[in-house]
């Protein structure tokens with residue numbers, strides 16, 4: 001099942017939306033609860049009378065301390081403004097002297113009603129006793145306070161949800177930072193932690209891919225260095241034998257002096273043969289390292305029947321000239337393969353060189369073509385001749401063939417059983 005891929009932006013937007021919905025629901029719930037509590041406990045008639053009586057006492061004290069008369073309307077307005085949420089009405093001698101709601105045009109005209117008489121309280125002013133009515137929205141301040149607390153609580157819930165939601169991403173980012181420091185310390189075998197499918201996971205995967213590629217590069221370099229060291233050791237050993245023989249034959253020929261003779265000719269012929277063997281070794285070594293320095297072979301799609309037929313025909317003609325018998329079985333298929341023609345020719349040249357050096361001319365050389373829908377193979381087998389020529393123990397020719405086949409996306413296999421030697425050249429069929 002394909003994973004849903006959320007970017008960090010989408011994740012954050014979704015998180016904020018969820019946090020907003022949850023905090024909004026919590027805010028409305030808290031507001032309903034606090035409103036019910038305030039309405040139940042602070043909106044009763046008893047609480048209203050208690051608060052009114054308390055404000056009457058507070059106002060009476062304010063009047064006494066400032067020796068106010070019923071005409072000090074400015075001072076009354078300042079007190080009302082300071083206390084907030086209340087209405088103040090003052091009567092004296094049955095007439096309205098001050099009202100925090102009405103305009104001054106009504107002062108002295110509005111009379112004290114029976115309702116006002118029943119709900120007013122006596123307060124002593126500097127100019128005599130007056131009747132004072134204080135009405136207040138006493139619970140309003142609690143509604144405002146509850147609203148602020150509810151909003152604060154919902155905001156805290158919103159922040160907690162958002163912080164809790166991004167905590168995992170922050171922890172993962174910290175983990176990536178720590179693992180990068182581990183890699184910087186040289187611990188290249190340490191694997192990066194890959195979690196999820198967002199940008200952070202993509203960064204971690206990119207670093208992990210880079211780590212693996214770097215390790216593969218180091219491994220390839222180490223293998224190449226080990227192969228080069230081994231090859232140098234083997235080549236020094238293989239070149240020592242013909243070189244020693246060459247020197248000995250030249251010394252023998254030198255001792256013969258200027259006189260021509262059968263023994264001198266034999267020494268010269270042997271020296272010439274060893275020189276050719278050394279040249280062959282050096283040529284193979286040069287070709288091998290030349291392949292190593294090249295990057296990629298330029299491949300082209302060719303018809304098997306045309307290209308392989310031409311190459312095989314040329315090689316068989318050479319073998320016939322050298323008095324070898326060749327048996328061919330199988331047919332060349334009507335398929336196509338990707339090859340580099342130059343390197344393919346070098347592959348066949350190396351195969352031919354090995355046959356000329358080591359194949360027994362008294363025995364047949366067998367060449368077999370094998371193919372199916374996916375592959376095309378060339379099987380070559382021969383009997384190894386018994387001679388005083390020591391085969392190249394380093395297998396440099398085989399290594400060159402294997403490397404060129406690999407560069408052409410093919411494969412090379414060889415095996416020796418007793419006196420029989422077998423090789424397989426494998427190519428993958430392609431479409432034109």
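Residue 1 is the first one shown; counting continues down the chain.
Just so it is clear, glycine is given a Cβ too, placed from its N, Cα and C backbone atoms.
Since we're looking at a predicted model, the values are computed, not measured.
As annotated by Swiss-Prot, topological domain 'Cytoplasmic' applies to 1-12 (among others), with the evidence given as sequence analysis.
Under 8 Å from some Cβ of the transmembrane segment (13-33) lie the Cβ atoms of residues 6, 146-147, 149-151, 153-155, 157-158, 161-162, 165-166, all in the same chain and six or more residues away from its ends. Annotated transmembrane segment per Swiss-Prot: 13-33 (among others), in sequence order.
Swiss-Prot lists 34-145 with the feature topological domain 'Extracellular', giving sequence analysis as the kind of evidence.
Residues of the same chain lying 6 or more positions beyond the ends of the transmembrane segment (146-166) and with a Cβ under 8 Å from any Cβ of it are 11-12, 15-16, 18-20, 22-24, 26-27, 30-31, 34-35, 37-38. Look at Swiss-Prot and you will find 146-166 (among others) tagged as transmembrane segment.
Annotation comment: Swiss-Prot describes 167-219 as domain 'HAMP'.
The annotation topological domain 'Cytoplasmic' is assigned in Swiss-Prot to 167-432 (among others) on the grounds of sequence analysis.
Annotation source Swiss-Prot lists domain 'Histidine kinase' at 234-432.
The phosphohistidine annotation in Swiss-Prot covers 237 and is backed by similarity to another entry.
Note on the domain 'HAMP' (167-219): DSSP counts are 39 helix, 0 strand, 14 coil. Each residue of the topological domain 'Extracellular' (34-145) gets a DSSP state, and the totals for helix, strand and coil are 57 helix, 27 strand, 28 coil.
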